[in-house]
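Asks: Copying in the features that Swiss-Prot gives for the protein in this structure:
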type     : residues : note
REGION   : 1-72     : region 'Disordered'
MOD_RES  : S2       : phosphoserine
MOD_RES  : S31      : phosphoserine
DOMAIN   : 35-98    : domain 'bZIP'
REGION   : 37-62    : region 'Basic motif'
COMPBIAS : 58-67    : compositional bias 'Basic and acidic residues'
REGION   : 63-91    : region 'Leucine-zipper'
Amino acid sequence: MSQGLPAAGSVLQRSVAAPGNQPQPQPQQQSPEDDDRKVRRREKNRVAAQRSRKKQTQKADKLHEEYESLEQENTMLRREIGKLTEELKHLTEALKEHEKMCPLLLCPMNFVPVPPRPDPVAGCLPR
């Protein structure tokens with residue numbers, strides 16, 4: 001006889017199940033207490049899942065509100081930066097005009113070399 005082959009009179013029986021079609025164990029008789037416990041567990045699980053989904057939704061809503069608030073604040077701050085930049089430009093121009101005709105700066109007795117100033121606008125603008 002060759003190895004691995006069944007004897008002539010024996011019959012091999014295999015249960016062939018399609019993939020995904022695992023044979024399901026037959027449910028045993030459950031007592032009413034088991035049924036009640038199962039129903040209570042499912043109800044408790046359902047309530048917990050509902051609570052979790054509600055909490056997740058509330059968290060997302062809160063994050064969205066915070067996002068909107070920060071966007072508004074950001075817009076206000078950008079407007080303020082624009083206004084302050086314009087004010088700085090006007091004041092710088094006024095100072096330059098004043099320096100041209102200021103008698104204290106034009107007096108030869110008060111001749112003090114004034115070092116050139118860096119552009120104040122460039123240092124204030126966001127990069």
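Positions of Cβ are set from backbone N, Cα and C atoms, glycine also.
Source: prediction; values computed, not measured.
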Asks: Taking residues 6+ outside the region 'Basic motif' (37-62), which of them lie with a CB under 8 Å of any CB in it?
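Replies: Residues packing against the region 'Basic motif' (37-62) from afar: 30.
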Asks: Per DSSP, what is the helix/strand/coil residue tally across the region 'Leucine-zipper' (63-91)?
Replies: 29 helix, 0 strand, 0 coil
Asks: Could you tell me the mean pLDDT over the region 'Basic motif' (37-62), as a whole number?
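Replies: Average per-residue pLDDT within the region 'Basic motif' (37-62): 97.
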Asks: Per DSSP, what is the residue tally for the region 'Basic motif' (37-62) in helix, strand and coil?
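Replies: Secondary-structure breakdown of the region 'Basic motif' (37-62): 26 helix, 0 strand, 0 coil.
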